[in-house]
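Q: Please read through the structure below; I'll follow up with questions.
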Amino acid sequence: MKTAHFILVFCLLALASPFAYASDPSPLQDFCVAINDPEDAVFVNGKFCKDPKLAKAQDFYYSGLNIPRNTSNPVGSTVTPVNVAQIPGLNTLGISLVRIDYAPNGGLNPPHTHPRATEILVVVEGTLYVGFVTSNTDNRLITKVLYPGDVFVFPIGLIHFQFNVGKTNAVAFAALSSQNPGVITVANAVFGSNPPINPDVLVKAFQLDKNVVKNLQSKFWWANN
């Protein structure tokens, strides 16, 4: 079963590769391994590049995506990213990967958006209700219930979510068309910003009572991604 899971993940990465050129710029060299030391390095895509002659296998490697994550948190899900922060060799290559674990009976990857990437997701365990909302003025909700082996695409920049509607744990893997796709969780950004947004702005925007807004702003907003 584990072998089948990883075959699905490799297929997912292959499917995602055409999207890579729609986001991050194409590199003009084989690779640009990211390093934190700026001495004798070139700054590319927000990272300093290691001398290619000093690159090693570890720069292109990550281990542990087969390990289930703890989903005991307010939203009932955990995202494990594998982007340029985890694999320095991803710098300039325009692709990254995540594992998402969902608790039974309602584990949620809350509504969020990736400002720099399209996402393609494959379910390997469980049953997920997923969807995204199109941009103004339609704001059309497009949803689907996914089962193991099913694949779904979330277009770049659009708000999307995944919700475990099954009674067992769920697991999905997703590839994104950026080495560093970024994530904006809607509730966190609106009600959990630092410093807080003026409540009067949110009262008018959401047509809510001011006390309701202040209550929402006082909550701890779980940073899942």
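Please read every residue number as a count from 1 along the shown chain.
In case you wondered, yes, glycine gets a Cβ from its N, Cα and C as well.
These numbers come from a predicted model, not from an experiment.
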Q: Check TrEMBL and name the cysteine among CYS11, CYS32 that pairs with CYS49 in a disulfide.
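A: Among CYS11, CYS32, the cysteine that TrEMBL links to CYS49 by a disulfide bond is CYS32.
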Q: By CA-CA distance, flag whichever of CYS32, CYS49, GLU119 among the recorded positions is nearest to HIS112 (Mn(2+) binding site).
A: GLU119
Q: Can you tell me which of the recorded positions CYS32, CYS49, HIS160 is spatially closest to GLU119 (oxalate binding site)? Compare CA atoms only.
A: HIS160
Q: Let me know the most crowded of the binding-site residues, choosing from HIS112, HIS114 and counting other Cβ atoms within 10 Å.
A: HIS114
